[in-house]
Amino acid sequence: MTQNWRPQSRLQTMTFAGTARPMTSMTAAGFTKNPLATAGVASIFDKLPPEPPKDSPEQKADQMEINIFKLLRDGMSAASCKDYVTALGRIREAIKLEQKVSQHRTMNGLADSINLDLRTCIWMHWAQIQALGGQPEMALSTYEKIVKTAEGATLAQIRFNMGNINHNLGKYNEALKNFRMAIDQASPSLPRFRQKIASHMAQSCIKLHRWQDAVDRIEEYLIKQYTLASSVGTDVERQNFYAMTTRFDPLYTVLIGYYALGVPEKMIDAYSRLIDSSILISDHPDSLEIDDHHNGISSKQIAMADAELCNMSNDDELDDLSRYNATLRHEHTNKLLISARLLAPAIAWEESQGYAKLSDILREKGHHGISLQVQMSMALTLLKRNEFEKATDIMLRIDREGLESALALGINVPLSILQKTRNLSLTAAATAVTNQESDLHLLGIDPSVLANQQSVVDRDAVASRGAPEVDMLKTDDDNGTKKQPYAAFVPRGVHTNIAFIYYLKGDYEASARHAQIALEIDPYDSFAHINLGCTYSKTNQWELSLREFLKAQEINMESVQATYNAGLVYFKQQEYKTAYSCFQKVASKLPSYGDAIYMSADCLARMSQIDEAIQMLSNLVTMFSAVKAYDPSIYIRLGELYSIAGDEGQAAHYFKEAHRLVPFSLAVINWLGSHYIKNELYEQARVCFEKASRVDTTTPKWSLAVAACLRKSKQYRDAIYEYKHILKRFPTNTTAMTHLISSLNNIGQHKEADEWAEKLTKLTNNKVPEVTEDRELDEFVKQERRNSVAAVGPGSRAGQDRFEASNNRVSSNTGDLFGDVDIAEELLTEN
């Protein structure tokens, strides 16, 4: 009977040589240092193999290669600092050291281990630094030498570099040839590199004005990438392949190509594909909310992401990777908006219809916030065309849609915003009020108390509108220092632009209201502060205006508008030193901004620093003359300052220059006429006053000055004719009648003089009021004068204000450098 087989009870992993075999110990158990030695067997781990010699040929070669890599690193570091001489020196040392390594390996029988890839790498660095250092031809010759031994990805990289050099040299056909060779050698496992090659091929085709070829190259590349992605086996590998493929930039180039070809259907299709390939989902923690029912990103996350993109919020709280993602999203959003501005006039007969189409595409794809930004671009386009009403309607619609989206997502919008906008639909507003009242009940607050308080505020607001001057005080909100959640749904600048439009219309109450809404939505909007400050200045609330300008400066230290406007307020308050500092800051940032330099000189003049003011204005004249631009107001102010300094010759020179540019300026004519009279040049003075009489026909002042010049030059008969002409138009002018009598007596016509003296006596005894206006003046002339005054708007501040300032003479009072006494009238008055 055979015995059944059973497995062994021990593994028998320990074997012994000889006759020794494991036995049960008959002594006490203890630690044995070397159990095998007791059995007469030596362990194979007792001794290590002998250490190789330290100065072996392999170790020397390896150390020399390490030194080569150090030289390469130092050379490229120097090249990054644009120190190309040092970089070439390091690479030259690396080349020599590599030659020594090759000789060392050959002499020691190690020729098979020569590192050819290292040699190619060194020469590629050498050629790259030559190209960066302005030696493209030498770089090409270097690449031609190493391209013969290169293969695979290295060969593709060399051909790509050669194509870039030829492209920069303007050899676009050669560049295309090298790019084609590069893309043939590039492995399909390098999708980003292949994409870069295809993009550069398209750029070369664009330079050759071969737009269709450029589009075909990119479209062909995209089709190949889609085919490769579809051929990948698993979903994970397919997703990884898509992640390695950047489709946005190629599609952006395709869109521009179709725009150049003028194919509207292709433009719209490319824009739709560009939206699909863009990265527009935010990774901000507050906006991440996964919808469990749909296994994807919720609509609230998309809305929050689009809102964040539209407002371009600060990314300081993000880590480096998230900041890079945010930067990429911002770049994609900006390019989408630029594409919309580019395509809108080309895809429809009217530009507004093009914007509407693109906005609808964005809205259909779920990007509501960016569609509002596109509508904002349409509104800005209408503003450039001076279609203010249409632009205002569009921006109000944008505001309504943004706030309604916020309310639909359950985001709390304060009642103050809802009441100030007056722009929401009744359903959305009622829903918002109901939700907020329920929140108040949960907090134990009676909504009726707040409603009563609000009704009092409304009554006060209605009463204030009836006042002659609106007191638009801005109440500081406790939440004014932080951006509110609902602010992300209103594109930045909507209410700021609306406030600006109402400011131009002269509706300062509406302008202030929208500026305040803009600040409640975004307290860090410097332009809203500037608009509000300008509105306050129009209602003579200078302290409030200055406060807003200073806030705008705190938010944006580079805001020249806020600094300049603050300087104007300081100038109005006669704080000339502070105003001068503000204007100088603007001039330092914008050296060619003439208004800042002019106002700086004006501040110096007000501080009695006449020489410095003259020097500054002279520099301004030189700067304008270099570009053949001339401002008569600068010449006028220079003439006034030279007159204050006592240099009448220079003053007359600059007033003549101003008169050459603006011959209709009565202020300039008045000064020149008075200057000629003081120097007894009555004929030149008469010519000036005759020009003034043709400009201003509503007063006999200038005709009297002409007649007085004739009397001063002893031309009594011509003076008599002029006085009679004046009395035909102004029969009750006693001044003309008195001088007429005097002139008649001077030429011996006493009888006629007595007749005029009798008329003067009757006129004086009857106390008939003197008529200073021309009775025959046509109503058309008055209307033309009113139109000419109305045509001078806020944009003409430089010319208008300076003419008004120069309309007066200098008085003896040092506090007011420009008085209000007529120089010519004083000089021509007879004792």
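If you go along the chain as it appears here, the first residue is 1 and each next one adds 1.
Every residue, even glycine, has its Cβ placed from backbone N, Cα and C.
The feature compositional bias 'Polar residues' is assigned by Swiss-Prot to 805-815.
Here Swiss-Prot flags 785-816 as region 'Disordered'.
Long-range neighbours of the repeat 'TPR 1' (68-101) within the same chain, counting only residues 6 or more positions beyond its ends whose Cβ lies under 8 Å from a Cβ of the stretch, are 61, 114-115, 118-119, 121-123, 125-126, 128-130, 132-134. What Swiss-Prot lists as repeat 'TPR 1' is 68-101, and the listing cites sequence analysis.
Residues annotated as repeat 'TPR 2' in Swiss-Prot, with sequence analysis given as evidence: 120-153. Same-chain residues lying 6 or more positions outside the repeat 'TPR 2' (120-153) and placing a CB less than 8 Å from one of its CB atoms are 68, 72, 75-76, 79, 84-85, 87-88, 91-92, 94-95, 98, 159, 161-162, 165-166, 168-169, 185-187, 190.
What Swiss-Prot records for 156-189 is repeat 'TPR 3', and it gives sequence analysis as the kind of evidence. DSSP labels the residues of the repeat 'TPR 3' (156-189) in these numbers: 27 helix, 0 strand, 7 coil.
Taken together, the residues of the repeat 'TPR 4' (248-281) have an average pLDDT of 84. Here Swiss-Prot flags 248-281 as repeat 'TPR 4', drawing on sequence analysis.
According to Swiss-Prot, the feature repeat 'TPR 5' maps to 492-525.
Note: the repeat 'TPR 6' (526-559) comprises 27 helix, 0 strand, 7 coil (DSSP; helix = H, G, I, strand = E, B). The repeat 'TPR 6' annotation in Swiss-Prot covers 526-559, and the record cites sequence analysis as its basis.
Beyond the repeat 'TPR 7' (560-593), the same-chain residues lying 6 or more positions past its ends with a Cβ under 8 Å from any Cβ of the stretch are 526-527, 529-530, 533-534, 537, 542, 545-546, 549-550, 552-553, 599-600, 602-604, 606-607, 623. Feature annotation from Swiss-Prot assigns repeat 'TPR 7' to 560-593.
The feature repeat 'TPR 8' is assigned by Swiss-Prot to 595-627.
The DSSP breakdown of the repeat 'TPR 9' (632-665) into helical (H, G, I), extended (E, B) and coil residues amounts to 28 helix, 0 strand, 6 coil. Here Swiss-Prot flags 632-665 as repeat 'TPR 9', drawing on sequence analysis.
Residues annotated as repeat 'TPR 10' in Swiss-Prot: 666-699.
As annotated by Swiss-Prot, repeat 'TPR 11' applies to 700-733, with the evidence given as sequence analysis. Look at the repeat 'TPR 11' (700-733): DSSP puts its residues at 26 helix, 0 strand, 8 coil.
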